[in-house]
Protein chains: 2
Amino acid sequence: MTTKWWIEGGTFLTMDDGQPIVNGHLVVEGSRIVYLAEAHPGALADGAERISGSGLLFMPGLINTHGHAAMTLLRGYADDMVLQDWLQNKIWPLEARFTAEDVRAGAALAAVEMLKRGTTAFVDMYDHMDEVAQVVEQAGLRGVLARGVIGLCSEAEQRAKLEDAIRFARDWHGKADGRIRVMMSPHAPYTCPPAFIEQFVQAAHDLDLPMHTHMSETAAEVEQNVRDYGVRPVEHLDRLGMFSRPTLVAHAVHLNDDEIALLAERGVAVSHNPASNLKLASGVARVPDMLRAGVTVSLGTDGAASNNNLDVFDEIRLAALIHKGVSGDPTAVPAYEALKLGTVYGAKAIWQSDEIGSLKPGMRADIVALDIDQPHYYPRTDLISHLVYAGNGRDVKHVWVDGVQVVRNRTCTRLDEERIAAEAAARFERLSSAT
Amino acid sequence: MTTKWWIEGGTFLTMDDGQPIVNGHLVVEGSRIVYLAEAHPGALADGAERISGSGLLFMPGLINTHGHAAMTLLRGYADDMVLQDWLQNKIWPLEARFTAEDVRAGAALAAVEMLKRGTTAFVDMYDHMDEVAQVVEQAGLRGVLARGVIGLCSEAEQRAKLEDAIRFARDWHGKADGRIRVMMSPHAPYTCPPAFIEQFVQAAHDLDLPMHTHMSETAAEVEQNVRDYGVRPVEHLDRLGMFSRPTLVAHAVHLNDDEIALLAERGVAVSHNPASNLKLASGVARVPDMLRAGVTVSLGTDGAASNNNLDVFDEIRLAALIHKGVSGDPTAVPAYEALKLGTVYGAKAIWQSDEIGSLKPGMRADIVALDIDQPHYYPRTDLISHLVYAGNGRDVKHVWVDGVQVVRNRTCTRLDEERIAAEAAARFERLSSAT
């Protein structure tokens, strides 16, 4: 029997430009929204479980388009350091010791945090991805997952990694009622030799999958690319055929005008990670320029070791603030556009904009309810503005993914939060005590 | 009879460099901390009300060193606009219609928001300040209040404003058990003629009060100062004698090296307002340079029309992030320093560092308890880092000011939150409907 439920008398931020705010009713049948309008749903609501929308603002679940969920285990382990020192002396040595169980524990902690802060879909690039996929399946999240690979190793090791990435795709793409999708993901141009990247592009063609990689995060990395390959990263990846596949690149901080134009032409989507880019002093991405050029820009938190939270609302607010301050234009990235980065454009960046990212009949029921009976939502001038400039993931009260309630009254329904927090704490103790 | 209470077995972020984190006990008698140490307080705890510290992180209340509390009434009313358009066509016309009752309603909403987000002391510059002072008294907050004046008017009007500012100081300085202090506050060099500023300096001397003003918020304002007076704002105010009084200046975004050196030499404190400066595209203040030069830098939210919240934790995180990203130095404004901006340096900026800003015996009991049984506080790597990079004012569970509990289980004890929100909503409706 298909479950049917009805939000009665709520305020809906649809993220649908035709009517961004609807004060009315929403009905879900199974995994999809079947009704959203001001008028009473009439017979359509017959037999539906009724949920009061009073004091709540409903919006599409947020989409986090870049991260490494398991890195929650390293949250706060090393901060305020120079990037290479941070990576080489702190992060990489501990990551090298990660077991599958560590990845599962870290991903589970990430799942709790993301769901409770209103994120319903996320991109993940890491190792031991079977564990992450199992967490996604159990948590009820939507995941676009990739076995990320670094190619600075022997050809035999490269081959094993490629095979693992292909095997993971075959095992998991389309699983968990279609909530899991898979990408092919060479880590970055500076960590993967060109021939290795080409093998991934070929595999993506063979499996009909999109691609994901880190690109142009730091100025040094761009310089090195020019030194090693004679061109900047965008042209380099384009020559290797990557952009012949649907591609999502993370960071894209250091781009010139030609590169922005090429990304737009090739339909390459960008995951903008403002908190991570600021914290690691990578710089400020040219988001207003990219948006003007027609590039799809979405938002990512990056891993919790470089953020250090997984709250996409924080990224939305940062995106709305920093591009104004840095460009000197107070109209840059207005509130509604900032919200689109975390919803509509996020869905487009993971090729699911027909399914998620906005609330309207026919879309999947990935819905977040925020408690707006709080001082920072008063007076009732402009809910979009309140949400972006004063709101926060802690305002989230309920969350549904694919029609299923995964957070009720600020508590995960499918995950044991206490056990997961304790397990993460214990796993970190084990990892760090042996160093 | 003096009230006595004892936090048993908690984690204390003291903000005292000698021992920033203490796992132990804290005892308060009356309005002051009388004990804070690892060891059991013994007989000192006799007869004390016992509060369990389990799952909580205690820290000094945050200090918001610049704002306009009543402007919560205009939260979200006008965003993403060019500054002059925003001020002249939106903010000022509505502000001109503010009555004393509006100011009281807006200040009350601000008081609720600040207390619930862990702010225990704030600076306020506005009109109808008797209303604000009464709200401070009732809410149990600590306030440093100033009747802000714009001098672009007749001499008679200027005189009336000066007299009102002096009268307000005489009526309120030292009131509410010493929780209220007063400053003399010409609005800004570009809104007050030199002779008018000098009258305020004289009044501050006569009354032995400090001074507060907006300074060098925008590049245009600095240029105008040079055009009108031949010097930049710092030298201008110095010549007018302002810095012969203890002075707190808000914004200080556009400073050259000489100005930073002069502020350090004169002991002028700065209120850095990162969210407001970004949102209004004013620019990014040279905080790392000011700190290096020995300037006392604190944090302010500014008014809720240009932020749009009053959460000092947000400002702490922004300060820790943007100065890294903009300077290219990932070690700029590390987590602990960012926390100092909102606590120890905040106290220094309002000349109360002997009383508030850190937790140790002898200090006033202005204490915030945060719920750290949440996913973003795991694993237990570094609580300071978690608080700055992943924490937020919504984590605040209890708040005490001057030894009195003003927030208990996320609810204000001395303010009627529901009535205040409804009143603010109604007041905004009235203000905006007549335009």
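Every residue, even glycine, has its Cβ placed from backbone N, Cα and C.
For reference, TrEMBL has these:
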type: BINDING; residues: B:HIS66, B:HIS68, B:HIS214, B:ASP302; note: Zn(2+) binding site
type: BINDING; residues: B:GLU95, B:ARG147, B:HIS187, B:GLU217, B:ASP302; note: substrate binding site
type: DOMAIN; residues: B:59-406; note: domain 'Amidohydrolase-related'
- Message: Within 10 Å of its Cβ, which one of these binding-site residues (B:ARG147, B:HIS187) has the largest number of other Cβ atoms?
- Response: B:ARG147
- Message: When you rank B:HIS66, B:HIS68, B:HIS214, B:ASP302 by Cα distance to B:HIS187 (substrate binding site), which of the binding-site residues ends up on top as the closest?
- Response: B:HIS214
- Message: Whole-number answer please: how many Å between the C-alpha atoms of B:HIS68 (Zn(2+) binding site) and B:GLU95 (substrate binding site)?
- Response: 11
- Item | Integer mean pLDDT for the domain 'Amidohydrolase-related' (B:59-406) | 97
- Taking the Cβ of B:HIS214 (Zn(2+) binding site) as the centre, count every other Cβ atom within 10 Å, in any protein chain shown. 25
- Query: For B:HIS66 (Zn(2+) binding site), which DSSP three-state class applies?
  - Reply: coil
- Task: For B:HIS66 (Zn(2+) binding site), write down the residues of its own chain that are at least 6 apart in sequence and whose Cβ falls under 8 Å from its Cβ; none is a fine answer.
- Result: B:VAL123, B:MET125, B:HIS212, B:LEU248, B:ALA250, B:HIS251, B:SER271, B:ASN273, B:GLY300, B:THR301, B:ASP302
- Query: Of these binding-site residues, B:GLU95, B:GLU217, B:ASP302, which scores lowest on Cβ atoms within 10 Å?
  - Reply: B:GLU95
- What is the number of other Cβ atoms found within 10 Å of the Cβ of B:HIS68 (Zn(2+) binding site)? 25
- Integer Å distance between the CA atoms belonging to B:ARG147 (substrate binding site) and B:HIS214 (Zn(2+) binding site): 13
- Item | Where the record names B:GLU95, B:ARG147, B:HIS187, B:GLU217, B:ASP302 as binding substrate, the maximum Cα to Cα distance in Å | 20
- Starting from the Cβ centroid of B:HIS66, B:HIS68, B:HIS214, B:ASP302, which together make up the recorded Zn(2+) site, report each further residue of the same chain whose Cβ lies within 8 Å of that point, ordered by sequence. B:GLY67, B:MET125, B:ALA250, B:HIS251, B:SER271, B:ASN273, B:SER276, B:GLY300, B:GLY303
